[in-house]
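Asks: Starting off with a structure, shown below.
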Amino acid sequence: MIERGKFRSLTLINWNGFFARTFDLDELVTTLSGGNGAGKSTTMAAFVTALIPDLTLLHFRNTTEAGATSGSRDKGLHGKLKAGVCYSMLDTINSRHQRVVVGVRLQQVAGRDRKVDIKPFAIQGLPMSVQPTQLVTETLNERQARVLPLNELKDKLEAMEGVQFKQFNSITDYHSLMFDLGIIARRLRSASDRSKFYRLIEASLYGGISSAITRSLRDYLLPENSGVRKAFQDMEAALRENRMTLEAIRVTQSDRDLFKHLISEATNYVAADYMRHANERRVHLDKALEFRRELHTSRQQLAAEQYKHVDMARELAEHNGAEGDLEADYQAASDHLNLVQTALRQQEKIERYEADLDELQIRLEEQNEVVAEAIERQEENEARAEAAELEVDELKSQLADYQQALDVQQTRAIQYNQAIAALNRAKELCHLPDLTADSAAEWLETFQAKELEATEKMLSLEQKMSMAQTAHSQFEQAYQLVVAINGPLARNEAWDVARELLREGVDQRHLAEQVQPLRMRLSELEQRLREQQEAERLLADFCKRQGKNFDIDELEALHQELEARIASLSDSVSNAREERMALRQEQEQLQSRIQSLMQRAPVWLAAQNSLNQLSEQCGEEFSSSQDVTEYLQQLLEREREAIVERDEVGARKNAVDEEIERLSQPGGSEDQRLNALAERFGGVLLSEIYDDVSLEDAPYFSALYGPSRHAIVVPDLSQVTEHLEGLTDCPEDLYLIEGDPQSFDDSVFSVDELEKAVVVKIADRQWRYSRFPEVPLFGRAARESRIESLHAEREVLSERFATLSFDVQKTQRLHQAFSRFIGSHLAVAFESDPEAEIRQLNSRRVELERALSNHENDNQQQRIQFEQAKEGVTALNRILPRLNLLADDSLADRVDEIRERLDEAQEAARFVQQFGNQLAKLEPIVSVLQSDPEQFEQLKEDYAYSQQMQRDARQQAFALTEVVQRRAHFSYSDSAEMLSGNSDLNEKLRERLEQAEAERTRAREALRGHAVQLNQYNQVLASLKSSYDTKKELLNDLQRELQDIGVRADSGAEERARIRRDELHAQLSNNRSRRNQLEKALTFCEAEMDNLTRKLRKLERDYFEMREQVVTAKAGWCAVMRMVKDNGVERRLHRRELAYLSADDLRSMSDKALGALRLAVADNEHLRDVLRMSEDPKRPERKIQFFVAVYQHLRERIRQDIIRTDDPVEAIEQMEIELSRLTEELTSREQKLAISSRSVANIIRKTIQREQNRIRMLNQGLQNVSFGQVNSVRLNVNVRETHAMLLDVLSEQHEQHQDLFNSNRLTFSEALAKLYQRLNPQIDMGQRTPQTIGEELLDYRNYLEMEVEVNRGSDGWLRAESGALSTGEAIGTGMSILVMVVQSWEDESRRLRGKDISPCRLLFLDEAARLDARSIATLFELCERLQMQLIIAAPENISPEKGTTYKLVRKVFQNTEHVHVVGLRGFAPQLPETLPGSDEAPSQAS
């Protein structure tokens, strides 16, 4: 027997009050005992959290005992955790004796919403010796331990051999593993399944009858029969598809003749017009080529006559172009002269402003020094006046208030101390430890002399600094000039670079003076170069016309040769009349042969089209008529073989269909009569009892029962006897077995199991030996497996049958096509190709035409050579006078050399213009660059040191001065003497006040006078700065304007510009004079050419009209060809046999087809409109659009699920083959797919009966359950009256409602819904569709009503409701219901799980004190009988003698809260035993 899985322990890590606690769980009942707040609910919450880690469901309410003095510390999940990492782990062992630890890592998330982060995990392969607390904690010392985070736990487990650690990202994966390993009873695939499981656990935890469960008992107890629903849905989908296909076939059959007629007439209509246009295009193209040849010849003649005119026009154009260039050059020279004059004026202004700026710069520097000195003196006067003002104010305030004077006298005692401090400071600064107030005056003179000496030294260095600074400024000025000219450079290179720049400046000035002579020389050479280039152009033009290059020395000889050639050509005469006549005679013979071949070509093309179609259909190539006849014999043999194979496959397919239908019967009955007999006898088919047997056990039970596997199990055989009399409608052998269908087992036989066989001892003298069948059919799983394999085989057979049927009909049609070909085209199909011979003859005709054309061209070429020779002589007459210029090869080099020298001179002039002023300034001061005053820095350091020494001496003198000034303060040693001399004090204050006021007056006068002087200095400085800035800005504007002008303003620029302007004016006058002469000559030449032009104008007009016509036709034909190729209809329209018909015949053919098409498309608005538009003869592409529209229309009408091709012509050919076969096959398939209403009712009834039997089996387990006055609990299952009526009508009266089930417009679900509405018109269906209602009616659970009933005291059986029961009774009843649900889940999930696993069973019960001792004992008995574990909680020990009891006490020690746990196992059968580890106190992590 398979052992049931158990929960071994629960481990809490870092929970509120539990740092590291493991609760060993009893195999039956584990009791948590303790007062309010002890941690019972926290422990159960940890268990539930590890079981269902879904934050959307978890909600732990306060369920502690009412009236307790201490309130509950539970605040949901967040309040039950402590800060840091927390764990809740369940240690389990399943039926395979595998240890599995599942749990969750919890951690509080910071924030006001009090969230908790949960990570589920599982550990497999853990040794039994390892405790859960050892895994997740690390001992630091004897009193401290640390909780490991999840990543460290993972690393720790991975280091252990054979241990597997899995972390889950989804709760579904976590529960899937728990289900597969037998930890939970049901596979939780969705959030809805998890919600049901949590509601069950929650109902168990809080006790009582859960309304959430009792209201939806059907969802909890009755499994969903999804297989039946899916079978109905697949059946309806298949029927719908089948009917749609049949309808498409019927539509296609009705349209088949229309398709043929439409395609045939549309092809004749469009192809005739297409080929007519193709023929006309070829004729027009030939005419256009002939016109082009004639026009080309005429243009050549006209070109020869116009040569003179072109030559003169070219020369005139050259002079016109030269005149424009000369005018532009002349205008540019005038503008340049104006710019040079403007630039010279600007340069004079710039020089004046630069001189003014230099003078202002010197004055500005001097004024800055004056202002700085005046500011220093002003600051000293302000300080002296402020000190005098403060002293006067102080003395006046002392005299105004006598009491204040007394305070001052008291203050002088403080001044005495300050005098002593001043004396000490003077000793320190002056390094005089023996200094006294009396000797301070002597030392003061000494240090004042030292200060004077330091001041004189500083002034001397300051004077040296000024001198050095002057030299430094000159060096900087020269250095900056060098940088401005040369660019950035090192200071030590300034002297060498400056000398180089001065030497370069001299050279540049020398070069700048050569600009004008070089420019005049360049102008002269350029004029000669232009004449030379003109002569070279004439020579190049002559060589180009002659097609050969000539040297200068050869020109005179060539002139004589051309004159001799002209004489010879004028005397030669060509006579080729006889040759021309022979060529024309041969051309006429070829034309006659071509005409005869064109008459034979259409017949041959028709035969070839038929032959090509046969080759494409059969995939063979035929080279003779004998090949055709031999292949026809092979075709007949192949047809016979395909028919035989098709019949064999069809027979096997029918056999498979019959077997599938037989195995698909509900209840496993292969004979429908057995179902009726079972209902009649009040029994159950043996196959239904064993319907749930697994696929592995099916061979055994099939062999065990042998022929009696289709027996009927009846409660009493004696009651069946009377039914057997006269029984005829039954199988040949009917087996009856007596037994209880609800508790039937296989103990009716004595069986010995052998290897793949059994021996059944039916009686003492009768044994039966049965081997295990290779293909078992006993049980639903075995039948479904066999049906699945049969379906796969049927699909293969159906596909093979369809292929063979298509091949047979295709072969038959191919045979007919061969027969037609032999009768019509075999005589001419294998003759030679007439079109190939026509092409050869056309090639010869073209050669003859070319020969005639060459004969004419030879004569024409001789005339052209004569004209060319005359033109050559004329050109040489113009070239020979300029031979001397052509021989001068160095002229261009000399021009380039002079131009380069001129560029250098102009660049030098630009350098002088740009840097001349800087070089002039640099030349007088360049000597200062020889030595860089580097000692200027050392001088600055010495000056700074002397300033520091002077400041030190001044401080020492000031310190001694302060001592000397405070000598009077040394006499204030006695305060009483100071107070007694009040009158003397008053007099002294007045004297001092007069002195202070006099000093203040002097300071004010000095300050006022110096302020006026400083203001004058600042005004002068501001005036200088303003003048300097204004002139600087004007100078910059002038320089920018000069740069914008872009002209060098040197001394000779104006003269050069004026000379250049006069030269260009003279050249322009000469060119205008020559142009006038050429215009007069050209006018005379054009008058002579007009006569020749009129002769050719008519020919040109005719040619262009024909060319325009050809181009227009070509554009339209290109659009037609593009449309034909894009739509793939060229093969249909380009019918080569039509090319040999005349235009009238083709037009007549197209008109006849048009009349037929008008009748054919009269009912189709779209095609009618397109046909009407295609009748326009000027728009041939519209006929193609009509043909494409016809093809598109036919493609849309042909269903791709019937005919898989895009070509309507091919589709029509395949259609005739497929339609009859598909119609027959689909009709039979619809009959097989349809299911009768009686079968539906039987399926639903059998399912309801099976589930009622299962509920009765569950009720048997609760018969002896009693809680208080409740003596028993049961589930009552009834069929709803309205649904029972529906089942009766479906099985008995379905003939009356065949209008619903035989309708093609309604699916079976919709027909079932309509029937339900017809039977129950009083029920409001709301907004639900008939399809939705029908699908609900196919679910057997909607036919049942379930409720929980209890047998309570004298009331008998009544509905279980919380209001009618006491608290303890409600808890016990609810627990019974939950046990029933868990057991039902296990039965439902048995197929999905391994057969060797029995899942864990565990429920909760909080606050179990509400149950009495008898109810507690009942719970214990129920747990023992059902092998179920139970965790209960109560304030006191309920039954310590049974199960395992934990006593929980919450304590506070040193501000640390923990729960003290003591565990006891049941002591009824043995002495009490303290559980291991119950005394250890929890440690807190430091």
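One is the number of the first residue shown, and numbering goes on along the chain from there.
The backbone N, Cα and C atoms fix where each Cβ goes, and this holds for glycine too.
Quick paste from Swiss-Prot:
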BINDING   Gly34, Gly35, Asn36, Gly37, Ala38, Gly39, Lys40, Ser41  ATP binding site
COILED    326-418  coiled coil
COILED    444-480  coiled coil
COILED    509-603  coiled coil
REGION    666-783  region 'Flexible hinge'
COILED    835-923  coiled coil
COILED    977-1115  coiled coil
COILED    1209-1266  coiled coil
Asks: Ranking 326-418, 509-603, 835-923 by Cβ pairs under 8 Å to the coiled coil (977-1115), which is first?
Replies: 326-418
Asks: Secondary structure at Gly35 (ATP binding site) (DSSP, helix/strand/coil)?
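Replies: Coil, per DSSP.
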Asks: Most Cβ neighbours within 10 Å: which of the binding-site residues Gly34, Gly35, Gly37, Gly39 is it?
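Replies: Sorting the candidates by Cβ neighbours within 10 Å, the top entry is Gly39.
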Asks: Relative to the Cβ of Ala38 (ATP binding site), which residues of the same chain, six or more apart in sequence, are found under 8 Å away?
Replies: Leu1448, Val1449, Arg1450, Val1459
Asks: Around the Cβ of Ser41 (ATP binding site), how many other Cβ atoms lie within 10 Å? Please give the count over every shown protein chain.
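Replies: 24, counting other Cβ atoms within 10 Å of Ser41 (ATP binding site).
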Asks: 10 Å Cβ neighbour count around Lys40 (ATP binding site)?
Replies: 29
Asks: Which value does the mean pLDDT take for the coiled coil (444-480) in this predicted structure?
Replies: 74
Asks: Give the residue counts of the region 'Flexible hinge' (666-783) per reduced DSSP state, in the order helix, strand, coil.
Replies: 44 helix, 26 strand, 48 coil
Asks: Run through the Cβ atoms and count how many others sit within 10 Å of the one on Asn36 (ATP binding site).
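Replies: Counting Cβ neighbours of Asn36 (ATP binding site) within 10 Å gives 19.
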